[in-house]
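Report on one structure; see the data block that follows.
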Amino acid sequence: MLPSIVISIVLASFVSAESSITEAPTTTAEDNPYTIYPSVAKTASINGFADRIYDQLPECAKPCMFQNTGVTPCPYWDTGCLCIMPTFAGAIGSCIAEKCKGQDVVSATSLGTSICSVAGVWDPYWMVPANVQSSLSAAATAVASSSEQPVETSSEPAGSSQSVESSQPAETSSSEPAETSSSEPAETSSETSSEQPASSEPAETSSEESSTITSAPSTPEDNPYTIYPSVAKTASINGFADRIYDQLPECAKPCMFQNTGVTPCPYWDTGCLCIMPTFAGAIGSCIAEKCKGQDVVSATSLGTSICSVAGVWDPYWMVPANVQSSLSAAATAVPSSSEQSVETSSESAESSQSVESSQPAETSSEQPSETSSETSSQQLSSITSAPDSSATSSSSTTSTFIRTASINGFADKLYDQLPECAKPCMFQNTGITPCPYWDAGCLCVMPQFAGAIGSCVADSCKGQDIVSVTSLGTSVCSVAGVNAPYWMLPASVKSSLSVAATAVPTSDSASETASQEPSETSSEQPSETASQQPAETSSEESSTITSAPSTPEDNPYTIYPSVAKTASINGFADRIYDQLPECAKPCMFQNTGVTPCPYWDTGCLCIMPTFAGAIGSCIAEKCKGQDVVSATSLGSSICSVAGVWDPYWMLPANVQSSLNAAATAVATSDSASEVASASESASQVPQETSAASSQSANNSVASAAPSNSSVSAAPSSNSSGVPAAPSNNSSGASVVPSQSANNSSASAAPSNNSSSAISESVAPSSYGNSTIAQPSTSTKSDAASITGPITTDKVITNESGIVFTSTVIITHVSEYCDQTSAAAVQSSACEEQSSAKSEQASASSEQVKVITSVVWCESSIQSIESVKTSAEAAHKTEVIASCASELSSLSSAKSEAMKTVSSLVEVQKSAVAKQTSLAAVQSSAASVQLSAAHAQKSSEAVEVAQTAVAEASKAGDEISTEIVNITKTVSSGKETGVSQATVAANTHSVAIANMANTKFASTMSLLVASFVFVGLFI
């Protein structure tokens, strides 16, 4: 009994030590693309593992689904993460092994394997510990004790074999095997039963009971798994056979009807069946026995093709070694029937004709040359043509790949973007690979094909052309789903390409480029030559990033669900930039060219230590304390959402150490002085913020004029100047800019030496209850006194990187100033609200740590009291005294921890109140923007203002939800009766946790000594 108490305390300590993991922040904004990520629903009724299979589970297994997901680092809704956690899977598996027997165990484990396979987990899909797996295997062979052991099974003889035997010959002897194979399963069974009426009902019942195949759980239309792009959840024969059956030689078709029940796969899961040697071996042995020569090559090529399309790695179709040997021997054998040989050659001729007709560069349209090409293709070509999808073929509706190509699957998608020197290199022979000529992903992973292209490019191109070709190759292979390094070039070819990339092109190509560029520029935009040309040249010279090739609308790559093929900064930075601390934002502009990733590929950039290390080192250098924690948490969050595995954001060890050190450092005194300067009198604000006003105004102008292109606001002397709103701890500020007569025509808004006045007042509050006042009458009249319209310059960069500078004429000056001023107030309030959210999240995280210490203290107190009771019974006064001392220390630590919990709860309440008031500020400012926009009579201004109103409303809705969450935390945290502690609870809670750890060490030594002593005494 006593040793078990020691073990429980040790386990509790391990749990408390691991509870310091910072969870990735959750986002619920409607415009956040992650909230509609297609393959993971962010909620669950039970948990992400149980929800989708609960209704199909046996009754005995259903109570086992309600296990605690808190023992894992996974979100409770994340199916894939829960599947690979042995702690969670083991708890469910142990429960099933205990409560279920026989077929119920098989059904439950098959469903678990199925849902984990659908979620994208690798073999063995559901990660159950070995001892639990043994228990499940034993339970699966046990006989159920229930009296409901199916009477129907015993009363109905096993007609399953009879049904299978009767259906197989019928399909083989049929004059139209393709139609039979593509019909529905129910149709086939009905035809068989009509031929053998006596055994129809037993066969149907027995096959249902004896089969170990569990079909995929049915799901409603709004479940994202029902639109999972690459796997159809049904099959006529099975997931392997359906898509290639019509293209198989006649001798191989009967081999497709193997039993999928010998695998843990759902019968429709192509990828799972491809990697199961038991299933692949049965098919391969049958083909080796029934087929010879070219028929074996065709069948194995089709098998490799379908497995490659399903995303399986090399060698794609996992056939056992002995079966592979049999297939190789059969492929070299000569068919015994001359009729079979003639039939095979005619099919090959038809295949070669279709391939030739799709090649644009060939001149085989004349009748005489067609006959010769047929003959040569029969003798030399070992390429298996792409399956022709027809109206009766099931593959025409389930495939996610285009089964044809003009050149080949690799070249088609990038040919138009290639430099001229590289285009001839694309016409390499795909016959040296086992790939279908149209399969981009398969061709990407074949070194012999990639090496031929790479060697040709290295010989034909130099300098920037090499970089463009390799970037395009990497891009198209990444889009095709190939893992890093995407385009599998041999090492020797990579070296040749690297050397060629550093070489300087000859003068002929340089002069040709120089002669083409000016004429092209002058013909497009004569009035903007000066601003376009430098931007174009610099972007072409400095950028090594090549965007993904554009593809037609019917190409499935254009609707690839989880990756946007463009980015403003890069795929890592775009989605978290607005939430980052200011100190970390400059760190996002690292060069993606040091990686093989497309610049827009979030997941790829997350796993590249060179890119992640550069960002991490910059953050460690520029940020301190909570800013470091926020930045790294956002990085982990975006990488987790992109599907990267733990630890999500792959930082090098030395950079991680630097970030840990920076996270514990205290921010410098600059921030304190900045706060102090912001709280000075209103008369000093214009002089202190004149430089900042210009920058803020430029941002306001950019936001007031929406466009499809990105807007780059650069501070200049002729930009409008509107000051940003003061922070919540300032006493109020009034900025009075004006404009002199000398520069009234060139400035968008007044500077400090002009004559007009625009004022804005913000009332301070302890919780940030700031309110915005409408511009006064005198302000409007002063702004209206400006004669005539004013102008401002707007700098726009389009998608091609060309910079335009346009002039905006502002006629409603007063309303324009009101709108930009209100936009600045809303922007400031939004930033302060984000800061309050961060403060709340930090306090919540610290509260979890302290509550963990409280729980540990309570557990330790109970254990020591038990030891003390035993010592009192044994009259061991020394042990009793030691226990009393430890109980006093632990009680003191628990009391301090409870005070800290109360303090952290108050901090969170304060942060929520602050966010609520700032949401009101945003709403008020948005109303001012909308009113001013309507007064301007500008549709663009109204659209921007309406967006601001929507954002302000959304901010208020989010705050309401968070208040409910905080209220629940307070009630569960036992707020009543706890005295108020200091608000700066960060250091205090860490001290409490450290003290608890120290007490744990001393208590453990006391407990071990006491247990040994009491045990010897007894």
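The chain as shown is numbered from 1 upward.
Placement of Cβ uses the backbone N, Cα and C atoms for every residue, glycine included.
Marked as signal peptide by Swiss-Prot: 1-17.
What Swiss-Prot lists as domain 'CFEM 1' is 32-143, and the listing cites sequence analysis. In the domain 'CFEM 1' (32-143), the DSSP tally of helix, strand and coil residues is 64 helix, 0 strand, 48 coil.
Here Swiss-Prot flags C60-C100 (among others) as disulfide bond, drawing on sequence analysis. Around C60 (disulfide bond), the same-chain residues six or more apart in sequence whose CB sits under 8 Å from its CB are I96, K99, C100, D104, listed in sequence order.
A sphere of 10 angstroms centred on the C-beta of C95 (disulfide bond) encloses 19 other C-beta atoms. Summarising the annotation, Swiss-Prot assigns disulfide bond to C64-C95 (among others) and lists sequence analysis as the type of evidence.
Non-local contacts of C116 (disulfide bond) by the CB criterion (under 8 A, 6+ apart in sequence, same chain) comprise F49, T79, G80, C83, Y125, W126. Look at Swiss-Prot and you will find C83-C116 (among others) tagged as disulfide bond.
As annotated by Swiss-Prot, region 'Disordered' applies to 147-227 (among others).
As annotated by Swiss-Prot, compositional bias 'Polar residues' applies to 148-164 (among others).
Among the features that Swiss-Prot reports, compositional bias 'Low complexity' is placed at 165-221 (among others).
Under the heading disulfide bond, Swiss-Prot lists C265-C272 (among others). DSSP gives C272 (disulfide bond) a helix state. Sequence-distant neighbours of C272 (disulfide bond) (same chain, 6+ residues apart, CB-CB distance under 8 A): S117, Y125, G239, T263, P264, C265, P266.
Feature annotation from Swiss-Prot assigns disulfide bond to C274-C307 (among others); the stated evidence is sequence analysis. The Cβ neighbour count for C274 (disulfide bond), using a 10 Å radius and every protein chain shown, is 26.
Here Swiss-Prot flags 338-396 (among others) as region 'Disordered'.
Predicted-model confidence for the domain 'CFEM 3' (393-504) is 85, expressed as mean pLDDT. The domain 'CFEM 3' annotation in Swiss-Prot covers 393-504 and is backed by sequence analysis.
Residues annotated as disulfide bond in Swiss-Prot: C421-C461 (among others). C421 (disulfide bond) is surrounded by 18 other CB atoms, counting those within 10 A of its CB over all protein chains shown.
The feature disulfide bond is assigned by Swiss-Prot to C425-C456 (among others), with sequence analysis given as support. If you draw a 10 Å sphere around the CB of C456 (disulfide bond), it holds 19 other CB atoms from the protein chains shown.
The disulfide bond annotation in Swiss-Prot covers C435-C442 (among others). For C442 (disulfide bond), applying a Cβ distance below 8 Å and a minimum sequence separation of six or more within one chain yields T304, S305, S308, V309, Y316, G409, T433, P434, C435, P436.
Take the CB of C444 (disulfide bond) and look out to 10 A: across all protein chains shown you find 25 other CB atoms. Annotation source Swiss-Prot lists disulfide bond at C444-C477 (among others), citing sequence analysis.
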Task: Between C597 (disulfide bond) and C425 (disulfide bond): CA-CA distance (Å) - done: 23
- [ ] Only counting partners 6 or more residues apart, tell me which same-chain residues put their Cβ under 8 Å from the Cβ of C623 (disulfide bond).
- [x] P581, C583, A584, A631, A662
Task: Alpha-carbon distance [C421 (disulfide bond); C456 (disulfide bond)] in Å - done: 10
Task: Secondary structure tally of the domain 'CFEM 3' (393-504) (DSSP, helix then strand then coil) - done: 61 helix, 0 strand, 51 coil
- [ ] Count the residues of the domain 'CFEM 4' (555-666) that DSSP assigns to helix (H, G, I), to strand (E, B) and to coil, and report the three numbers in that order.
- [x] 64 helix, 0 strand, 48 coil
Open item on the list: Whole-number answer please: how many Å between the C-alpha atoms of C307 (disulfide bond) and C421 (disulfide bond)?
Closed with: 34
Task: Spatial separation of C274 (disulfide bond) from C587 (disulfide bond) - C-alpha basis, Å - done: 44
Task: Cβ-based isolation winner (fewest other Cβ atoms within 10 Å) among the disulfide-bonded residues C64, C265, C461 - done: C64
Task: Other CB atoms within 10 A, centred on C587 (disulfide bond) - done: 20
- [ ] Quick one: of C444, C477, C604, C618, N798, which recorded positions lie within 10 angstroms of C461 (disulfide bond), measuring between C-alpha atoms? Sequence order, please.
- [x] none
